[in-house]
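First up is the structure itself, then whatever we jot down about it.
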Amino acid sequence: MNTSHKTLKTIAILGQPNVGKSSLFNRLARERIAITSDFAGTTRDINKRKIALNGHEVELLDTGGMAKDALLSKEIKALNLKAAQMSDLILYVVDGKSIPSDEDLKLFREVFKINPNCFLVINKIDNDKEKERAYAFSSFGMPKSFNISVSHNRGISALIDAVLSALDLNQIIEQDLDADILESLETPNNALEEEIIQVGIIGRVNVGKSSLLNALTKKERSLVSSVAGTTIDPIDETILIGDQKICFVDTAGIRHRGKILGIEKYALERTQKALEKSHIALLVLDVSAPFVELDEKISSLADKHSLGIILVLNKWDIRYAPYEEIIATLKRKFRFLEYAPVITTSCLKARHIDEIKHKIIEVYECFSKRIPTSLLNSVINQATQKHPLPSDGGKLVKVYYATQFATKPPQISLIMNRPKALHFSYKRYLINTLRKEFNFLGTPLILNAKDKKSAQQN
């Protein structure tokens, strides 16, 4: 466990399903990060987030519910106990509206034995009359417990104060204040802007996204099972390759729209939001069986969010057909992603995992690329001379100049006399020419045509 205040303190929220762990997590994080609902066992993976409690930065873990009869309960329990062992403080949450069960008491004692730095948090004590119900939890043997109501925001401030006191954080900010101020004054603002590559892992249910996340991070952060749809919340993990940080987001598996039920609807919305923040998508395809229509639909998410993309062919050790046949099918079905690099892997055997990491950095460099204006115009001029622009009803169509106005992804404006006359086929020709000249591997290239007036306004 962490002992130095220079190391980020870790708080784990544990307890049985549907007692309010994710709601407490969201309340402390002041953001709806974990999905909450009336379904027991909504959280299946460990959500992790750096948050600030009264100005003190800590790391908060929200774990899956440890129900005895729950599917995957052994795997979830093992992950939770591991989180408990690694944490500086545990918030064990119980439902104050329910009678304490023998199973709950047994689980609490097991957690307490692993890590005695533990608070008993009795949730759903919505008013003073309901405080009497909390006495039923005296059998847990804790000298002090915390009666709270996350939904009514009762008792949260007192809990936060106790957490900071238990972690010895109240004194730290006073001791380090002067040094922190001096350090911030000496540090240029641009040095504080740390560039982290955000990578979203997308794919159908049970294609191996969580296994890929675990292989990339070398941690069992994401629960892996043959049960389809094990991951519900998008969860993230950051690794370091050289001096480059990469944050992976393992998103919920996507089903056919007609099969999306209950909590998975929320999970799909969270996946969309996670991709909005991503730079690159790892599209995981299961090659133990032929590709399906849903694979193609999911691949369009990368295009929708203008992400860099890498195609990851998982379960290669049990592929359904020879290499040549699979690649030929891939090129036919995913023709619009012909610029995307393809990597074969077996996550369970850690095949080509390092190659994926380095390819992410390579694609990100292309995704962030800026072409010098003179060089860009030279290539565009050569392309238009080699294949002149088609006329517009007999009238000359002309490109005055080109300029790149954005990166991530690269966006280029063609300033023209008749921008509406630029045919999509000629636009595709120019994009392919730029790809060939400047190597935009795995990167969408956005080309817009504008007239001089609109270009000057922008």
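Please read every residue number as a count from 1 along the shown chain.
Cβ atoms here come from the backbone N, Cα and C positions, even for glycine.
Positions annotated as GTP 1 binding site by Swiss-Prot, on the basis of sequence analysis: 15-22, 62-66, 123-126.
Spatially close to W316 (GTP 2 binding site) yet at least six residues away along the chain are V287, T344, T345, S346, R351, judged by Cβ distances under 8 angstroms. According to Swiss-Prot, the GTP 2 binding site annotation covers 203-210, 250-254, 314-317.
The annotation domain 'EngA-type G 1' is assigned in Swiss-Prot to 9-171.
Feature annotation from Swiss-Prot assigns domain 'EngA-type G 2' to 197-368.
As annotated by Swiss-Prot, domain 'KH-like' applies to 369-453, with the evidence given as sequence analysis.
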Open item on the list: I want to verify one value. Collapsing DSSP to three states, which class is K21 (GTP 1 binding site)?
Closed with: helix
- [ ] Translate the DSSP assignment of K209 (GTP 2 binding site) into the three-state scheme.
- [x] helix
TODO: Report the mean pLDDT of the predicted model across the domain 'KH-like' (369-453), rounded to a whole number.
DONE: 93
Open item on the list: Looking at the binding-site residues listed here (G15, N18, K21, T63, I125), whose Cα lies nearest to that of K209 (GTP 2 binding site)?
Closed with: T63
Open item on the list: Applying a 10 Å Cβ distance cut-off over all chains shown, what neighbour count does N18 (GTP 1 binding site) have?
Closed with: 20
- [ ] Let me know how many other Cβ atoms fall within 10 Å of the Cβ of G203 (GTP 2 binding site).
- [x] 24
Open item on the list: Let's see if you can do this one: DSSP helix, strand and coil counts over the domain 'KH-like' (369-453), in that order.
Closed with: 34 helix, 21 strand, 30 coil
